[in-house]
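Asks: Below, the features straight out of Swiss-Prot:
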- 16-55: DNA-binding region (DNA_BIND)
- G90, V91, G92, N93, L94, G95: NAD(+) binding site (BINDING)
Amino acid sequence: MDDNKISLATTRRLPLYYRCLSELNEKGEDKVSSAVLERLLKIDAATVRRDFSYFGQMGRRGYGYDVKILLELFNDVLKQDTAANVAIVGVGNLGHALINFKFHKTGNARIKMAFDVNPEVVGTIQSEVPVYDINEIKQRVRDEKIEVAILTVPNSQAQRVTDLLVEAGIKGIMNFTTEIIDVPYNVTIHDVDLSLELQALIYSMDQD
């Protein structure tokens, strides 16, 4: 397998496959076909087969795919056995909602801390997550070996905060602002613009 050849679209589908395969495994299913995955995930069967082909000849004609083998493969690829330390920067409405969502209690992400400038929030514990002053980012991130940051600050602060995170050694940033931020080549950015996602959904509805 050559990770450099895996498309971004395929990479984003891998967690969906992993979750679906986990559910099938829990139900005692030994095998699954691309047609079944199409029905369960609403992903075209040809796309499923193409995605899986990145990892070699995983299936057999007339049999399908071995659920446990796929599950072990994606568990390794997605590093499910290794939890990444995550920090949320900006504990406004969205940041607070992400903390309360508690996704850090499952999967391979663990929210260790949050940062904000609001004195009413700084120094509090939000759903077991301590909130620190944003000026402590560099020291806290280094000390706690934070690898990933979720950015939910105002657009005007996005680049400044990103620079602090990069200086602290952050390797990945999930950017919920609409600002296009600059980072070094060795830092991965994943932009999440909810307004664009909504526009894409409405467009897709019109095509049906």
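Including glycine, each Cβ sits where the backbone N, Cα and C put it.
Note that this is a predicted model, so its numbers are computed, not measured.
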Asks: Please determine which of the binding-site residues listed here (G90, G92, G95) has the lowest count of neighbouring CB atoms within 10 Å.
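Replies: Sparsest of the binding-site residues G90, G92, G95 by Cβ contacts within 10 Å: G92.
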Asks: Determine which residues of the same chain, besides G90, V91, G92, N93, L94, G95, have their CB within 8 A of the center of the CB atoms at the recorded NAD(+) site, and list them by sequence.
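Replies: Close Cβ neighbours, site residues excluded: I88, H96, A97, L98, D116, T152, V153.
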Asks: Which one of these binding-site residues, V91, L94, has the sparsest Cβ neighbourhood, judged by other Cβ atoms within 10 angstroms?
Replies: L94
Asks: Take the DNA-binding region (16-55) and average the pLDDT across it for me.
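Replies: Averaging the confidence scores along the DNA-binding region (16-55) gives 92.
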Asks: If you draw a 10 Å sphere around the Cβ of N93 (NAD(+) binding site), how many other Cβ atoms fall inside it, taking every protein chain shown into account?
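Replies: The answer is 9.
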Asks: In three-state terms from DSSP, label N93 (NAD(+) binding site) for me.
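Replies: N93 (NAD(+) binding site) sits in a helix per DSSP.
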Asks: In the DNA-binding region (16-55), how many residues does DSSP assign to helix, to strand and to coil?
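Replies: The breakdown for the DNA-binding region (16-55) reads 28 helix, 2 strand, 10 coil.
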